[in-house]
């Protein structure tokens, strides 16, 4: 009964999807030997570079590694608030 | 010339020793000459799983150290004609054997046996390096858990780096009901993630506990599902095409009745 109720009120359809997602993420890091810290550093430097050209929403910025099959991709989602007028481009 | 197979997993407690014992017994029950090597030096266990703990005189370190001849250290199984065990040392540690010594040992053993099955210790250090040194093929055991699959992935990488290509996977302790309910990763999920060939699946089974308590490999038990699963894997190792077991038919009142009256 308890099992039925837990199922009824859980949105993600079973804990295995959580397990799979966590596993996928951890394996991307394991396989590329890129640590979460390194990714944080990369993120900070990305912000620095992009901020020279655009106003970005730093809080909503997302940088992650994604894998499908044998390929790994660096996926960055960077919300832009507005353009900056950079000296020399106007 | 025989074949040297290492059973490994990375994570401890997923069923390496149980798998080694059952594959060894399975192959021996089909008439092959088999030796199982316990490479988990310092944490000897394969002997108790097989019920042979009272017969140990010499161990693997005695052999590599030249204190006895290889033949003296081999223990003959009490049930199966062709089955032998080379026990691990209990008082030494994993550095007591070197990869070179292990390679030589495997070379000697495969002259005399059809199958040399090595029970690898958990971890990725010296003990693991030793265990895989003389192997030609690898079997990776995992359970449907994040931690075990993660470690299996790491081990597969290390095996491939050590030229042990195309390791085969055994998924142990799967619970079909939980998979059905979406609360346990399925066989397909795990194969998808690890991208290796599946050798077999062992359902969670109380008979494993019972037979291990007695020191008898479950593969010799004709009525258990896990025993059937291990027999299937044995035949696949021998090159037969055996379809994957249907895990769905477990339990149920009628199945139990059928089992009792011998229809199943």
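Start at 1 and count along the chain as shown; that gives each residue its number.
Every residue, even glycine, has its Cβ placed from backbone N, Cα and C.
Feature annotation from TrEMBL assigns domain 'CobQ/CobB/MinD/ParA nucleotide binding' to B:5-218.
Taken from TrEMBL, the feature ATP binding site applies to B:11, B:12, B:13, B:14, B:15, B:16, B:17, B:18. Cβ neighbours of residue B:16 (ATP binding site) (same chain, under 8 Å, six or more residues apart in sequence): B:7, B:8, B:9, B:119, B:120, B:122, B:141.
The Cβ of residue B:12 (ATP binding site) lies under 8 Å from the Cβ of B:122, B:123, each on the same chain and at least six residues away in sequence. Counting neighbouring Cβ atoms within 10 Å of each of the binding-site residues (B:13, B:15), the lowest count belongs to B:13. DSSP assigns residue B:16 (ATP binding site) to a helix in the three-state reduction. Within its own chain, residue B:14 (ATP binding site) has B:141, B:142, B:143, B:148, B:172, B:173 as residues 6 or more apart in sequence whose C-beta sits under 8 angstroms from its own.
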